[in-house]
Amino acid sequence: MPTPERSAEDSVRNNRTKCSVRMEISDSGKTEPAKRPPRIIRKGKSVPPNVAELKNLEVLNFFNNQIEELPTQISSLQKLKHLNLGMNRLNTLPRGFGSLPALEVLDLTYNNLNENSLPGNFFYLTTLRALYLSDNDFEILPPDIGKLTKLQILSLRDNDLISLPKEIGELTQLKELHIQGNRLTVLPPELGNLDLTGQKQVFKAENNPWVTPIADQFQLGVSHVFEYIRSETYKYLYGRHMQANPEPPKKNNDKSKKISRKPLAARNK
């Protein structure tokens, strides 16, 4: 399938960059709009709780600030629509993070997050249209992903995913799915419920150790993959495969060199 030169994922990212209000931590500890590119936040520095005072904030961009911790008060930003936390050092998200009733775009790309990093109410973010979890450490995507029924873009590339939950088939508004660079060998048949083969849809899945039948279909094109996983033959083979519970492929990416894991002194050289 011919893919657009620039996907909606790229477009949304570019639009967010143009309209985002970047924030920096001042020496007084207050959060202020950055009048210049935000300076590096010292190791161990977190977003101060007074960010909650920005009650009318709709767009918040903390991209590339070496943030290690978020305050629980961030969930008080009830009008927040776009939140960019990409390229930081987050290992976990605070309790109550899912209490952002207007959030539409959430970028958590390039952190140190995994399935255990998400608070219990994370999947209450049912207004989300775009969720970026790429370049993290997820091995499993929680089944509750199926609750985010308004999602149009889901980016999971370059994690350690060994499987996708069947609930991903409930994301019927999805227009883009990025799962390249993981440890996936099979696809759940429920993924066939989605329309990801049209000219305006994007499905990227390269650099995974697919079982031979799926790899063969990818050689023919994405439409052949979806036709195959919808077949009764594949559903039977998939069931057999899951019952066998095979050993997942070994990790083949050395993530110790990720920027988010380097000591700050090394990063600033």
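The backbone N, Cα and C atoms fix where each Cβ goes, glycine too.
Residues or ranges marked as compositional bias 'Basic and acidic residues' by TrEMBL: 1-13, 24-35, 248-257. Feature annotation from TrEMBL assigns compositional bias 'Basic residues' to 36-45. Annotation comment: TrEMBL describes 100-195 as domain 'Disease resistance R13L4/SHOC-2-like LRR'. The region 'Disordered' annotation in TrEMBL covers 1-45, 242-269.
For the domain 'Disease resistance R13L4/SHOC-2-like LRR' (100-195), the predicted model reports an average pLDDT of 98. In terms of DSSP secondary structure, the domain 'Disease resistance R13L4/SHOC-2-like LRR' (100-195) contains 18 helix, 14 strand, 64 coil.
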